[in-house]
Amino acid sequence: MAHKGTESKEQIWPYKITIGICAMNRKATSKPMRAIMKKIIDFYGQWVDSFIFPEQVIINEPVENWPLCHCLVSFHSTEFPLEKAIAYVKLRNPYVINNLDRQYDLLDRRTVFKILSDNGIEHPRHGYVIRGRPNEPDTELVEHPDHIEVNGEVFNKPFVEKPISSEDHNVYIYYPSSVGGGSQRLFRKINNRSSWYSPKSEVRKEGSYIYEEFIPADGTDVKVYAVGPFYAHAEARKAPGLDGKVERDSDGKEVRYPVILSNKEKQIAKKIVLAFGQTVCGFDLLRANGKSYVCDVNGFSFVKTSTKYYEDTAKILGNQIVRHYAKSKNWRVPSDMPQPPILDLGLGDDPPMITTPSGKLAELRCVVAVIRHGDRTPKQKMKLIVTDQRFFALFEKYDGYKKHEIKMKKPNQLMEVLELARALVIEKQRDRHQILEKLREGTGEEEIHKSEHDLEVCEEEMKKWEQMRTVLEMYGHFSGINRKVQMKYLKERETKTSDEELRREGPALLLILKWGGELTTAGNMQAEALGRLFRTLYPGIRRTDGKSSPEDTQGLGFLRLHSTYRHDLKIYASDEGRVQTTAAAFAKGLLALEGELTPILMQMVKSANTDGLLDDDCQARLYQTELKRYLHKALQADRDFTPQDYLELNPNGLRAITAAMEFIKNPRKMCHEIAGYVEKMCGVIVEYSQTRPTGSTLYLQESMDLAQRRWNKELREFRRKNKHGEVEFDISKIPDIYDNIKYDMEHNPDLCINNEVEFERMYVCVKNMADIVVPQEYGIKTENKMVIAQRVCTPLLRKIRNDLHRCLENKESEETQTRLDPRASQGIATPFRHVRTRLYFTSESHIHTLMNLIRYGNLCSVDDKKWQRAMNFLSGVTEFNYMTQVVLMVYEDSRKENDEADTGPRFHIEILFSPGLYPCFLTEKERIYETRFNLSTNPKPATSSRSSGRESRDTNDSASSSTEGRRPSIEKVVTVVTPTQLSTPSVTNDDLSISSNAESTAAESTGLVNTTTKTHNDSEDDLNDVESVNLVALDELNNTTKAMADDGKTAKRQRSVTGAEKSMEEGDKPHGEWKGNGVAKSGSQISVGSNEMESNNESMETVGGGKGQWVKDLLDQTKRAMAMNSIREVEPPIVIPTPVPSTTTAVVEDEASERQSRSRRYFPYRFKHHTAQLLTGMSGGGVHMQNRLISTDVLTGKFGDHDNKKNSRKDFGAGTAVLSTAVIARSSSAPRLMTYESEDFSVGEIKRFWPPLRSLETLHDSINLSQFDGFLERLIKGALTPLPSPPKTPLPSALSCDAINKTPTQDEVEKVIGKLAPTSSTD
């Protein structure tokens, strides 16, 4: 025993184990290898030693001359002689860490997949194409536009094409035409690129490839590094196929973050290590659809930058080597040897608390948003009845007789239709030529008459086929997302001829071509900008050293949250191209991606239609059709709206609809006026096209002929004669006309350059009609709104409810969630933070129905003051424009065990809403300016007489005559701003009370200062939306004008002629006694005098190389205005009743025509809301630019609280907001938007930011989660409520006064005569 005790204190190992590193020099001396070997020596130095095989010896010397070692670490890489290493192992028989013979398996992707399959490891479905390989027969590949066939197996796009050899990293991903086609080409990283997008969609024709089914993994790749069967370290990175940009750290290494592996994935790692015989082995995981797929096995690889991984690996390998030799030599295992690690993946820490936008202290857990798509082109379609046998052959080719219709969107299908259209155009031209020959040669009157009729028919058909050809040839290529052809089978039928004879017609095809409705460039930029701004909803950056850091003004906190896999993001979109493209552009801005949208769309955006998530309900659509018929008749009455009409058409008393009805007065006369404007537009396009060079096109390459046909179709379908020969108007076409006029004024303003007065009036008239028609198509009475909304939104509500439940359950068993491993992370201050985000992009119908559920679903108590303010605010919203957002934010206060009455709920929800873009038209901008000019020192609130300019016009009055009569009085109205005073005439026609000082007005007009006070007549809960608008609207950014001159110059403000009452936008002052206040007319528009017009230099630039002299002047005057603020508040207002000729004021009436002509020259720019990133707030003595996304004005009652606004200039640094957002946020914790310096954008870029987005208004900030869950449950259960009978026709198109008085009310005619059977039985 004594001998043994003495021996235990002595060295029990006779010699050290030698580890030999046999690999190419760049691998053997890499940073990870050196770090790991150093750790092994540190931990096990008394038992092991190591050396590196010289590269020259490996390459040039025979294996007999290679140095000896006990343990060999060897692996294949480029130029490594694997066969010599295998021969060395056979010769010397060392202990091998990674099996060298099995490394050949890793070089062939076919073998890799076979081994995975044999071991039951999930992997993508795949097929092989072999070409030109010895001893292997070539396989067959058949390529189609949107799929391929490999040995009889079909792979639909998107699919992945990889070379058979694992050494070849040129991997291609092919996309379907439905998302734009093309391919993403991946390669070994070169500088900061790992892939690029190519428009080519054809697969490679040379070489051998493996084709895999594409697995969308939300733009994330997971790399797993296994060390032995019981240890695996996982890191995630941005997928190289997403945008191709490589994110690198300060050391030049690709940025990756450790993530948690599920138990199943750990088992996969164990299986791979054992199946491939590789102790150190890396492989790639794709997580999708609740599963994890192995798409590649890389063999020997180390983590690049993890110190903890180096230590763990050193202990595992060192322990394994020592124990192997101790066992093989019967040596004693050292008792003091370091033990291998067991990685703890527990999540024990509490998540960090943050301050919510409303001021509460809680942790953000979940964000759910429903967002409407961005700005689009007008949707269009044309119909043709065809009997040509070639179309029947096409119909049969695509199995049309099975369903009696076909839909064609694929490029090859559209090309077939295009070829037929081209052939038919040529044939019709030939037929026309022959008819003209007959006409010239004809002698008899009957023969000439017949030839003339045939010629007319032939030319009409030729025009239709030319239009179809033109539409199909637009853009020069087919993408599959912007055009669609349908063909429906029409059976044989009998028709009556003109002489009452029955004639049997054979079968025919109804050919329907649909185009338009695609996202515009502006819509793309709006979505991307909103994505960038959306980052600021999330927690900001927190420093790891505990020191304070600057406020996160660019959403960097979100980017870090997402890139470090503490953010679970899913984006869903309905199947319309504009919706999916909006979602992709939003994701691009949200995640700071680069490059084309197609790869982003394919990898980040999920189709919501696969499970009917955003589908429409069939019965709801039928019911809406009946509502359209009701509205069609109700808005045909040739009389002013009566009080009864207000009750029937607007039973909920929405301010926006009431204001629109007051504007319209007589709906039939308004329809006549609108029809006259549409007809005028048709003539304007013809005139415009005659003054332009041949081949000139409008926005997005729309030809003049297509634009003319677009408006002619609107006129033809809107104004038509019924079977009695009476003119009637199709009210259902009002939304289409509104889309068209809004689109042309936004994107084709040159069309209106000499007719701005008429088309301003047209826009306002059509908008007010649309403000009635569009929301009422989703229900008129509350019960109708609710039933339709439940039918449409139930699938979405179920999904949202499921999102909330899964977020709160926080199951660790979610296999597909890529989540940061907090135990292995470094340099992250809040590793336990985790946020779940679900974004749903959809069209207008889901927005309207969802908002109806929120309004009328009894979410909150009627006594809730916050909810009252929110409903008052929503009552004034006239439209849910492009990019409308409904956002739910779930917060948790982890300090509370459960919902307690005294401490409040553990989980609460904040509801935010934005109506999207500002209305794009000038009138809305003028209204903003008008309100800015009403100062706090004015003792009377601005009013407007409803009798002024509001009388119904005669049906026969033309648009021009109705405006000309008002011109002289308005042309005298001129507002002139000087550096010292603002002269404001008394405006009887507009009833505007305007007075100010120059500096304060300059600030106010740009949204920098708000000085409107609350009078004793105002209601406490008045919600004047205008007060929330802080918008810098710049005129003439194209080096033509500047809105503020230099200090010694005069900048003039002139009221432009609109000749029309303006529309009611939300909160346009009709609160309290609002029935007595009319809808104010179009007001001010910035223009300039001749001095400014002639100036054409860089001082007019708002941004760019000229450093923005305009901006500097504006900000200088703003600062002076603020400095003089206290003096201005006590001074009486300066009101000059009429313009007086002087050096600083007055515009003579004789100059009116010259000014009007001058304004017309610059008219295209006046129609755009040019917004600059001028975000003002005082930081010390200078100007600090900042911006905000969230407003709490509605929530706090500050929205319209003029007493609070009075001193707003004192709180100037609190953060006024411009660009995309509008409302002054009350809470200092509200997240701020991106900060832009003036040189960040060029003038051209700024001009494309219009119209701006409205801020997210906080509707409620303290809804208990259980309360909201109960609300959703009620709505989902009530979705099977049968639809009530639609309202019957309330009024004929024309009735006598007596008949009108006897007409029953809607309540009387809307008796339920039957119930539609529910689609399914209740539970």
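Numbers here mean position along the shown chain, with the first residue as 1.
Backbone N, Cα and C define each Cβ position, glycine as well.
Listed in Swiss-Prot:
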- Arg26, Lys27, Arg188, Lys189, Lys223, Arg237, Ser301, Phe302, Val303, Lys304: substrate binding site (BINDING)
- Arg109, Lys162, His169, Arg188, 212-215, 221-223, Asp284, 296-298: ATP binding site (BINDING)
- 355-426: region 'Polyphosphoinositide-binding domain' (REGION)
- 933-1022: region 'Disordered' (REGION)
- 933-947: compositional bias 'Polar residues' (COMPBIAS)
- 977-992: compositional bias 'Polar residues' (COMPBIAS)
- 1043-1107: region 'Disordered' (REGION)
- 1062-1074: compositional bias 'Basic and acidic residues' (COMPBIAS)
- 1134-1155: region 'Disordered' (REGION)
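For the region 'Polyphosphoinositide-binding domain' (355-426), the number of residues in each DSSP class (helix H, G, I; strand E, B; coil) is 29 helix, 26 strand, 17 coil. Looking only at Cα atoms, Val303 (substrate binding site) sits nearest to His169 among the binding-site residues Arg109, His169, Glu212, Phe214.
For the pair His169 (ATP binding site) and Ser301 (substrate binding site), the Cα-Cα distance reads 16 Å. The DSSP secondary structure for His169 (ATP binding site) is coil. Put plainly, the binding-site residues Arg26, Arg109, His169 were compared by Cβ crowding within 10 Å, and the winner is Arg109. Farthest C-alpha pair in the substrate-binding residues Arg26, Lys27, Arg188, Lys189, Lys223, Arg237, Ser301, Phe302, Val303, Lys304: 24 Å apart. DSSP gives Arg109 (ATP binding site) a helix state. DSSP assigns Asn298 (ATP binding site) to a strand in the three-state reduction. Around Glu212 (ATP binding site), the same-chain residues six or more apart in sequence whose CB sits under 8 Å from its CB are Pro124, Arg125, His126, Phe159, Val160, Lys162, Cys295, listed in sequence order. There are 16 other Cβ atoms within 10 Å of the Cβ belonging to Asn298 (ATP binding site). When the binding-site residues Arg188, Lys223 are compared by the number of other CB atoms within 10 angstroms of each CB, Arg188 has the fewest. For Arg109 (ATP binding site) paired with Ser301 (substrate binding site), the C-alpha to C-alpha distance reads 17 Å. For the pair Asn298 (ATP binding site) and Arg26 (substrate binding site), the C-alpha distance works out to 17 angstrom.
Here the Cα atom of Arg26 (substrate binding site) is found 23 Å from that of Asp296 (ATP binding site). Here the CA atom of Lys223 (substrate binding site) lies 10 Å from the CA atom of Asp296 (ATP binding site). Arg188 (substrate binding site) carries a strand DSSP state (E or B). Its Cβ taken as reference, Ser301 (substrate binding site) is surrounded by 18 other Cβ atoms within 10 Å in the chains shown.
Between the CA atoms of Phe214 (ATP binding site) and Lys223 (substrate binding site) there is a gap of 18 Å, rounded to the nearest whole number. Note: the CA-CA distance between Asp221 (ATP binding site) and Arg188 (substrate binding site) rounds to 15 Å. When Cβ atoms from all protein chains are considered, those within 10 Å of Val303 (substrate binding site) total 24, not counting its own.
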